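Presented below is the structure to which this report refers.
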Amino acid sequence: MQLLVNVDHVATLRNARGEGYPDPTEAAEVCEKAGATGIVFHLRKDRRHIRDEDVHKLKKQVQGTLDFEMAATDEMLDVCIEVDPHLVTLVPESREELTTEGGLDMASVFEDFKQRVFSRLRETDIATSLFIDPNKKDIELAAELGSDAIELHTGTYANAPNKESKKHELERLRKGAVLAHDLGMKVNVGHGLNLTNLKPLVETVPHLHDISIGHALVSSALFYGLDTTVKKFLQIMENA
Ligand SMILES: CC(=O)[C@@H](O)[C@H](O)COP(=O)(O)O
Ligand SMILES: NCC(=O)COP(=O)(O)O
């Protein structure tokens, strides 16, 4: 189990005033020094937080795993292949959304991903991950496509309104992780994870590889500091 910190919202804060601070690259350095295994960023089509120059700076700065989240457009594929991260996580993206709203619908993207996206990525050393909901069909199609990993969308679990629905979502994630692992894929998770909901997740869901956490981690860092916050998340993972 390894923690990858998503630095998107360090850039959100920077962009709010158009100043050069806080710098996502500097945040990445603090996170890695505090024990994070790597860094995630999502280069959105509208560049609302991370910008192209951040991507190149992060590539130079990050020592551990670099996970490039993106929509599978030709433009993003060009940037990603040029930057050459360790991992690319393909996510659905819509311009109006405040954040990623769900996983990829694998049935509807399958043929396009096979012919246009994976054919290009397979010519590189970049490992692939698909951001999907914990549905049997989506997981099976991810394996059929030959993805190295999936990232199970934990947003529905994180936002579940009561104990019963949280339990239900955890069970879906557990089953999804077992299936993905049995099909030979690495199991990553992310979205909406925080200092409270991480513990039940890591104690219930097996085979976890990368856990990517951004918005809540950056928010907690305002109160505890970034170094201490990363260590708090790592402690939860270590105790599990
Ligand atoms: C794919 C995912 O769950 C998130 O990391 C997503 O990339 C978040 O996007 P924002 O950082 O723009 O909210
Ligand atoms: N892939 C999920 C991610 O990078 C962080 O998501 P969030 O913690 O910002 O919701």
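Each Cβ is built from the backbone N, Cα and C atoms, and glycine gets one as well.
Small disclaimer: the values here were computed from a predicted structure and weren't measured.
When the candidates Thr65, Thr89, Thr99 are compared with the 1-deoxy-D-xylulose 5-phosphate site entry in TrEMBL, which names Asp8, His9, Arg44, His49, the shared residue is Thr99.
Only His42, of the recorded positions His42, Arg44, Thr99, have a C-alpha within 10 angstroms of the C-alpha of Asn6 (3-amino-2-oxopropyl phosphate binding site).
Counting in whole angstrom, Glu69 (active site, proton acceptor) lies 12 from His191 (active site, proton donor) by their C-alpha atoms. Close contacts with ligand 2, defined as a Cβ under 6 Å from any of its atoms, occur at Asn6, His191, Gly192, His215 among the recorded positions Asn6, His49, His191, Gly192, His215.
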